[in-house]
Amino acid sequence: MLCSREILNFLIRKDVKKILKRKDSDAGQRGKALEDLRASIFNKFRSSESAKRQQQRICGPVVALTYNFMVAVGIIFMNKWVLKNVGFQFPVFLTFIHYAVSWALMAILNSFALLPASPPSKSTPLSLFTLGVVMSLSTGLANVSLKYNSVGFYQMAKIAVTPSIVLAEFIWYKKKVTFSKVVALTVVSIGVAIATVTDLQFSLFGACVAVAWIIPSAVNKILWSNMQQQENWTALSLMWKTTPITLLFLVSMIPFLDPPGVLAFHWSFNNTSAILVSAFLGFLLQWSGALAL
């Protein structure tokens, strides 16, 4: 419906009317005019700014947050199932599979010209490189934390990301919050601390990994949000640009954080299917999180 309205508004423009009303006897000129019209319409809807406006109309805040919440809950239990019940004890390599599948899906979208174009070159290669590195640390350490901690402890650590974001934005961008929000975040932080020390499956190594995961996770959300809001990046186009960098750094993390023996893993149909479902949910989580931001 929105696309139809956009097309109608585009067609009633004066310059487009002139093209449609042309009565050139030369068929070649008429064909060229129609080709120019087709290219104009395509560029209009594939441009980054138009794609971002379309994304904001279709996916409002409530829809984006609900979608992100449902996918986030699903992937946590799915990843825990893969790491514990399936016996795939390689959390960073699992993250690598997630991003590899995401990149393959986006490559398919790009081949059919369904991937929004990147915005004009405002983002420096350094900013995209930094975001890709932070994403690899954030998601890689998240799965390592999920391997060594219970789901409840993992969720508590995830909640602690929000106060970290507020603190980081205050330090970097001097963003201030109201007193009521400070009180609320303090209560949340105290609750996380109490839940941490009373968790029945508390592990010192798991707690250290969780703390190490919180910092890059907060930085990741800040950088991603700024690039989307200030530089007209859509979720999919920014994912397309940063995923290769993330894959590269995940490969460098595997020898340090994963145990040996991934090639000896029993790749049965059921095990492989569970891992691929987890990877598809990983793509949906990354996309839904970017939409929510």
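Backbone N, Cα and C atoms are what each Cβ position is placed from, and that goes for glycine too.
As annotated by TrEMBL, transmembrane segment applies to 58-78 (among others).
Positions annotated as domain 'Sugar phosphate transporter' by TrEMBL: 67-259.
Taking Cβ pairs closer than 8 Å, the transmembrane segment (90-114) reaches residues 42, 46, 79, 82-83, 136, 139-140, 142-144, 146-147, 236, 239-240, 243-244, 246-247, 250-251, 253-254, 257-259, 262, 265, 275-276, 278-280, 282-283, 286 in its own chain, all 6 or more past its ends. TrEMBL lists 90-114 (among others) with the feature transmembrane segment.
Annotation source TrEMBL lists transmembrane segment at 126-146 (among others). Note on the transmembrane segment (126-146): residues 76, 79-80, 83, 91-92, 94-95, 98-99, 154, 157, 206, 209-210, 212-213, 216-217, 219-220, 223-224, 227, 238, 241-250, 253, 257, 282 of its chain, located 6 or more positions outside it, place their CB under 8 angstroms from a CB of the stretch.
The transmembrane segment annotation in TrEMBL covers 152-172 (among others).
Among the features that TrEMBL reports, transmembrane segment is placed at 179-198 (among others).
Long-range Cβ contacts of the transmembrane segment (204-224) within its own chain (Cβ-Cβ under 8 Å, at least 6 residues beyond either end) map to 127, 130-131, 134-135, 137-138, 141-142, 144-145, 148-149, 153-154, 157-158, 160-161, 164-165, 168-169, 172, 196, 238, 289-290, 293. Taken from TrEMBL, the feature transmembrane segment applies to 204-224 (among others).
Proximity of distant same-chain residues to the transmembrane segment (245-267), defined by a Cβ-Cβ separation under 8 Å and at least 6 residues beyond the stretch ends, is recorded for 87-93, 95-96, 99-100, 103, 128-129, 131-133, 135-137, 139-141, 144. Residues annotated as transmembrane segment in TrEMBL: 245-267 (among others).
The transmembrane segment annotation in TrEMBL covers 273-292 (among others).
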Predicted model, mean pLDDT over the domain 'Sugar phosphate transporter' (67-259): 84
